[in-house]
Each structure stands twice: as C-alpha cells, then as structure tokens.
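Have a look at the structure below, then the notes.
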Amino acid sequence: MATDKVVETVIVGNYVEMETEGKSKNMKTRLSKFLWHGGSVYDAWFSCASNQVAQVLLTLPYSFSQLGMLSGILFQLFYGLLGSWTAYLISVLYVEYRTRKEREKVDFRNHVIQWFEVLDGLLGKHWRNVGLAFNCTFLLFGSVIQLIACASNIYYINDNLDKRTWTYIFGACCATTVFIPSFHNYRIWSFLGLLMTTYTAWYLTIASLLHGQVEGVKHSGPTKIVLYFTGATNILYTFGGHAVTVEIMHAMWKPQKFKAIYLLATLYVLTLTLPSAAAVYWAFGDMLLNHSNAFSLLPRSPFRDMAVILMLIHQFITFGFACTPLYFVWEKAIGMHECKSLCKRAAARLPVVIPIWFLAIIFPFFGPINSTVGSLLVSFTVYIIPALAHIFTFKSAAARENAVEQPPKYVGRWVGTYVINMFIVVWVLIVGFGFGGWASMTNFIHQIDTFGLFTKCYQCPPPLPNNLNATATAPPPVHHPSNHTHHL
C-alpha cells in the first residue's frame with residue numbers, strides 16, 4: 001500500500017509541476033488555457049470518444065447490410081468490449097513503464113511517451129520494432145481514410161469537382177495540423193468533434209425513420225461469407241481507435257486515472273453507432289451494399305448539408321489525432337522532438353503528410369479500405385500486441401507481485417486477465433486477421449479490378465448529358481447500382 005502511494009506521487013509529480021509552471025497571469029492566457037491546453041480526465045474522455053467515432057459512422061450501415069441487423073448489433077457490443085479491455089491493458093503498461101523510468105529520475109516534461117517506447121522499455125527492442133511498424137502503418141492509413149472520407153462527403157454538397165480534386169484540396173487543409181503541438185492542445189477540438197458526430201448520428205437516425213422504408217426494401221444479409229467478414233472487420237476497425245491511447249494518457253495531468261475512460265467513451269459511442277446504423281439499414285436495406293456512404297441514400301436537405309459540413313470538420317480533427325503520433329515519431333527520428341520553436345517543428349512535420357496525400361489518391365475506396373485496415377493492421381496494433389505484451393510483461397511472479405496496477409477482482413485477478421488476453425489473441429488472430437483479412441482483401445482487390453487505382457471519382461454516378469435531345473430519352477433511375485461498388 002505504501003508502495004502504491006509512492007508510485008502515485010512519482011507519477012503525478014511532474015504533471016503538477018507542469019501545471020503550476022503554466023498558471024495563467026491574465027485573462028488572455030486564462031482563456032487560451034481553457035480552450036487550448038487540456039489535461040483533465042474530461043479532456044481524455046472527449047479525446048477518446050471523439051477519436052473513436054468519425055467517418056466510420058457513415059460506413060456502419062453498409063456493414064449492417066453485409067452482416068444483417070442482429071450480427072451488426074452483436075459485433076458492435078462485442079468489439080466495443082474487447083477494445084475497452086485492450087485500451088485498459090495499454091494504460092496499465094504505460095503506467096508501469098512510466099513509473100519505472102521516473103524512479104530512475106527520467107524527466108518527460110519535454111518528451112511525449114509513445115507506445116513503441118513503452119514496449120521497448122518493458123520488453124526490449126524487438127517488441128519495439130514490431131509495435132512501431134504496426135502502429136505507424138495503422139496511423140498512416142487511418143489518416144489516409146480521413147482524407148478519402150472528406151472527398152467522399154463534400155461531393156454530396158458540391159459535385160462540380162470530382163473526388164480526386166477534393167482530395168487534393170483537403171490534403172492541403174489537413175496539412176495545417178502540423179501546427180498543433182500535442183494532444184494537450186486538442187481540448188476545444190475534441191469537445192466540438194464529439195458534438196459534431198453526435199449531431200450526425202442522430203441526423204442519420206431521425207432522417208432515416210422519417211424517410212421510411214423504400215419501396216420493396218429487402219434485408220437479406222448476411223448472404224455471402226466474404227461480405228459477412230468484411231462487415232465484421234469494419235466494426236473491428238471502428239472500436240480499434242485506441243492506437244493513440246498512450247499519447248492521450250501522456251497529455252493527462254494524472255494518467256493513472258485513465259483506467260475506465262475508454263470504456264465510458266465506448267458506452268457513449270454505442271449510443272450513436274447502434275441507433276444510426278440500425279435506422280439507416282432498416283430504411284434502405286440491401287441498397288446499402290452498393291452505397292458505402294450513408295449520406296448517398298438520404299435526400300438532400302439543409303440538415304443533411306449541415307451533417308456533411310460538421311463531419312468534414314470532424315475528419316480534419318481526426319486526421320490530426322491519427323497524424324500527431326506520426327509527427328512525434330518523425331521528430332524523434334530527425335532530432336527535432338525537443339525543439340522549442342513551433343514553426344520549426346511544423347516545417348519538419350510536413351514530409352509526413354505527403355505519403356498520406358498520395359495514398360489517398362491511389363486508393364480512394366471509401367468503405368472497403370476500412371475493413372482492410374481493420375483486419376491487417378488494427379487486429380495486431382490494438383488487440384493482439386497489447387494482450388501479448390501484458391502477458392509477457394507480467395509472466396514472472398516477481399513482476400506480478402511488484403506491478404503498479406493489479407488486475408481487478410471482478411475479472412479474476414491475474415488468472416482471469418491471462419484467460420481474457422489469450423482469448424483476444426486467438427479470436428482476433430483467427431476471425432479478425434484470418435477470415436477478416438481474406439474477406440477484406442478479396443473485396444479490396446475487387447475494387448481495384450472494377451475501378452482501378454487513381455480512380456477519379458469512386459462510386460460517382462455518370463454525368464447527365466447536356467444536350468437537349470437527352471431529355472427525350474428514358475428518365476434515369478434514382479440510383480445507379482451498376483456505377484457503384486460491385487461486391488462479391
């Protein structure tokens with residue numbers, strides 16, 4: 001017990017010192033701190049919830065059409081629980097690592113701890129290298145997905161430009177995130193981001209219910225095993241947003257209070273994802289198989305335009321969430337991480353945005369790319385590696401006895417924790433990476449075969465003829481499935 005008190009003092013010490021050093025001198029600095037500089041439990045909750053549900057909110061109805069209503073709901077609940085548990089494991093390993101280092105008098109005030117450094121400190125360089133590779137690749141493609149989503153969404157307000165051109169534009173806009181120093185500075189953005197996704201989720205729900213079911217609606221899912229596991233891995237991706245858990249914890253004044261924050265964030269997120277996905281699928285059914293973006297089926301209105309604009313702003317925020325850890329890694333690689341000049345650090349970060357921009361133009365497959373990233377990267381980054389890292393960190397009796405954070409009683413202490421961790425490793429390896437990887441790659445390759453790389457306007461309807469004679473032809477149907485994604 002005494003040891004725990006010492007540990008808590010060590011962990012909190014530097015943060016209290018930082019907070020004292022940053023105390024406001026006048027109203028201007030107080031306002032700046034209120035809007036810009038956060039480190040409380042509430043800031044962490046807003047960051048987790050805001051980061052967890054972004055553009056994927058628009059693809060979950062598409063996943064429901066692949067899985068069916070019952071499987072869609074069950075997978076959301078199941079992966080939400082699994083994601084909360086592995087986020088807890090990451091928080092335990094972070095506190096363990098930080099405590100050991102601060103006992104050695106290491107000062108982290110000018111250094112942001114990252115997941116690969118936790119693995120390095122606890123398990124060695126081989127774990128560090130694997131963790132770094134998976135984490136960076138996942139965050140890279142997570143940023144790519146946000147750019148793709150921006151282009152896909154804005155097209156439903158302004159189709160004068162194709163989606164590729166919109167990707168160029170939003171790539172330049174998102175590059176401005178290089179000026180946001182760290183997760184401390186996302187306080188107001190996290191708060192606004194969650195308000196935006198809350199509005200969008202309830203817009204999707206209410207608009208779908210008011211619209212009612214389309215004539216002849218069918219709910220035939222699941223029909224094919226490829227579609228089933230593709231949909232499941234998109235939900236795996238949805239609740240795998242805790243790749244930035246360590247950075248969010250490091251931005252807290254008292255990181256040992258993180259523990260249940262991700263679970264509480266997940267519970268709130270479920271109140272957004274379940275009603276919206278179920279309502280849109282109820283209204284449009286199998287039509288969603290050819291419309292991976294839920295906005296494409298709802299009639300245009302001021303409410304829909306508002307939802308699109310809010311999601312665009314939120315995707316900018318989420319791009320920053322995904323890209324900021326990559327900025328840190330790059331800064332450390334080139335020796336700029338502890339530089340005091342914001343402008344120099346911002347200039348040094350710009351090369352990180354270029355490959356993200358390029359990949360978003362190569363693979364503009366909004367929807368299918370989520371499942372592919374979920375199965376191949378999320379499965380290892382935030383499920384398998386944290387579970388295995390926890391097992392190996394505390395495999396010895398001495399490590400378990402001296403652990404800073406003991407497992408809770410309600411899961412069965414160390415034995416129960418080990419069983420849960422092994423279940424996650426086996427389940428995600430077989431179902432998420434194995435079946436999910438096969439299904440999502442099959443679907444992803446089919447998108448490439450159908451539309452090609454660098455496609456100019458993915459899932460766009462064909463332009464209507466401009467000549468007057470075109471009016472004499474048969475009127476076009478409301479939807480053009482042949483010009484949308486052809487799934488296996």
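Here the Cβ of each residue, glycine as well, is placed from N, Cα and C on the backbone.
These come from TrEMBL:
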type	residues	note
DOMAIN	37-430	domain 'Amino acid transporter transmembrane'
TRANSMEM	73-95	transmembrane segment
TRANSMEM	132-154	transmembrane segment
TRANSMEM	166-184	transmembrane segment
TRANSMEM	191-213	transmembrane segment
TRANSMEM	225-248	transmembrane segment
TRANSMEM	260-284	transmembrane segment
TRANSMEM	306-330	transmembrane segment
TRANSMEM	350-367	transmembrane segment
TRANSMEM	373-394	transmembrane segment
TRANSMEM	415-438	transmembrane segment
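When Cβ distances are compared across the two stretches, the transmembrane segment (415-438) makes contact with the transmembrane segment (73-95), since 3 or more pairs at least 6 residues apart fall below 8 angstroms. Same-chain neighbours of the transmembrane segment (166-184): 37-39, 47, 112, 143, 146-148, 150-151, 154-155, 244, 247-248, 250-251, 312, 316, 319-321, 323-324, 327-328, 342, 345-347, 349-350, 352-353, 356-357, 360-361, 364, counting only residues six or more beyond its ends whose CB sits under 8 Å from a CB of the stretch. Beyond the transmembrane segment (260-284), the same-chain residues lying 6 or more positions past its ends with a Cβ under 8 Å from any Cβ of the stretch are 41, 44-45, 48-49, 52-53, 57, 60-61, 63-65, 69, 72-73, 76-77, 80-81, 83-84, 87-88, 91, 197-198, 200-202, 204-206, 208-209, 211-214, 217, 219, 238-239, 242, 245, 291, 294, 297-298. Sequence-distant neighbours of the transmembrane segment (350-367) (same chain, 6+ residues past either end, Cβ-Cβ under 8 Å): 55, 59, 62, 140-141, 143-145, 147-149, 151-152, 163-164, 167-168, 171, 174-175, 178, 234, 292-293, 323, 326-327, 330, 444, 447-448, 451, 453-455, 458-459, 485.
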